[in-house]
């Protein structure tokens with residue numbers, strides 16, 4: 001029997017990959033699944049989904065289908081099944097409370113909610129109340145069962161226009177999250193630009209420790225490796241000791257791997273001991289990896305170092321938040337020269353900018369260059385007149401002041417999303433009249449010696465981009481000067497007493513805004529830190545007006561699943577509401593002396 005699936009770049013690639021190559025490995029169970037089985041599983045699941053929803057190929061086209069499935073083969077099959085139906089996949093985070101999941105289901109107007117066996121009770125809780133229209137509830141049976149006789153798969157073009165894709169929800173700070181609609185064309189373009197820049201290959205084994213309701217986990221670590229024929233090994237949620245054990249496993253004897261040999265047998269055991277060549281994560285994960293290495297056994301430390309050396313870990317990527325220099329430098333030292341590659345992206349556009357594969361193109365503090373097919377520009381806004389000007393290449397330095405010009409990153413190209421779901425006003429607000437997406441992120445462009453020469457590809461040429469922060473949260477206007485919170489954070493994090501840091505702008509009677517730091521002290525170094533000692537430590541590192549004028553020490557900094565800090569909420573929780581901050585500002589002016597001629 002022949003199975004027919006709609007043609008797409010993803011399905012065409014999967015069909016053409018070596019059938020015996022491993023597509024997915026589930027680390028916990030040791031189960032592995034080959035590329036030859038994947039489309040068969042998708043075809044069977046598609047038949048079930050259409051039958052359970054009472055739809056056909058044409059009537060399901062463009063419908064939103066939510067799913068609550070754990071990381072692993074079943075997730076991959078479910079996502080591809082929805083794409084095969086020409087529908088829009090809406091991945092749900094199992095960690096979210098029921099009210100948040102109900103909001104996403106309501107907002108997306110989901111036709112159906114698919115659940116794995118693991119999350120049936122969670123799905124039933126979500127469906128029990130509070131929904132405008134209750135979606136059909138269904139399970140796709142047997143997605144993990146591999147048929148002994150694999151049927152021939154053929155692809156055909158869509159009978160109607162492609163309307164499928166994925167809907168991811170942005171994390172709202174002042175409003176409820178918005179549904180970002182990414183068409184299959186967007187997803188394909190996003191995956192292809194990464195494939196060209198980062199050179200995914202069938203020989204790659206990618207360790208997947210990320211949540212799958214964010215762009216990082218779905219496009220960078222799932223769809224792109226599938227397009228390339230790489231192997232994806234799921235190991236979520238992240239556990240630092242488990243990850244070090246997995247990385248070290250290929251370089252240890254069986255008896256040295258605590259309990260690992262008991263979980264697997266035969267060929268499957270071998271799959272969980274294939275060296276990891278590709279690991280993409282967020283800065284908090286890299287920080288925890290560095291800290292945990294010292295606590296490993298001597299044998300595990302030695303094997304771990306071999307595992308993450310440039311000879312074995314081909315590519316280590318950091319993103320979704322700024323990478324502190326101490327983490328970057330610490331990883332280079334631990335690995336014997338493996339430089340973390342930084343990149344920049346967001347839900348609406350996938351990845352947009354990236355450093356290159358060549359070490360000279362992995363520039364400290366930079367997110368590199370526009371990826372293949374991505375157009376990027378910087379738009380400068382005059383604070384007084386609100387007049388906007390494009391910062392042309394070669395004009396990065398202001399001719400009058402001699403300072404670097406800063407502007408908003410704006411993007412255009414096939415990777416950019418089609419719009420916010422059922423929200424034309426918000427969509428129109430985020431695009432310029434000439435069709436560029438306004439990211440809200442502020443950056444400078446700078447030519448860096450020995451980099452941007454095209455060694456990593458023709459796309460990685462010229463001046464590199466350096467993110468200064470979010471326009472709304474990370475650009476602090478104090479006494480007529482603009483301060484990048486990210487720049488100040490990098491310098492504070494270079495101090496040995498500091499473990500974590502967030503720099504924010506607070507209302508100030510004297511300066512409009514003042515720079516403030518919220519710090520977690522290092523448990524290794526110990527001791528304390530006062531505002532005066534912080535300012536003294538920074539006065540030789542950054543200009544006086546950038547040095548924090550306020551300081552709070554906290555036990556921890558709250559972060560979301562991707563390691564990001566909501567600075568608006570942080571200011572409220574640490575410093576209080578605006579009027580309280582203003583009173584604090586007045587009080588501090590009367591109590592605090594000016595240090596060494598700097599503003600207090």
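Each residue, glycine too, has its Cβ placed from N, Cα and C.
Annotated features in Swiss-Prot:
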- 170-174, 214, 321-323, 342-343, 347, 441, 471, 564: ATP binding site (BINDING)
- 346: substrate binding site (BINDING)
- 564: oxalate binding site (BINDING)
- 241-342: region 'SBD1' (REGION)
- 343-420: region 'SBD2' (REGION)
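In this structure, the CA atom of residue 323 (ATP binding site) is 16 Å away from the CA atom of the residue listed as 'substrate binding site'. Around the Cβ of residue 343 (ATP binding site), 22 further Cβ atoms fall within 10 Å across all displayed protein chains. In the region 'SBD2' (343-420), helix, strand and coil residues by DSSP number 3 helix, 32 strand, 43 coil. Of the listed binding-site residues, namely 321, 323, 346, the sparsest Cβ surroundings within 10 Å are found at 321.
Residue 564 (ATP binding site) counts 16 other C-beta atoms within 10 Å of its own C-beta, drawing on all protein chains shown. Geometry remark: residue 170 (ATP binding site) versus residue 346 (substrate binding site), CA distance 9 Å. Counting only the Cα atoms, the space from residue 564 (ATP binding site) to the residue listed as 'substrate binding site' is about 12 angstrom. Helix, strand and coil residue tallies for the region 'SBD1' (241-342), in that order: 56 helix, 10 strand, 36 coil [DSSP]. Around the Cβ of residue 441 (ATP binding site), a 10 Å sphere holds 23 further Cβ atoms from the protein chains shown.
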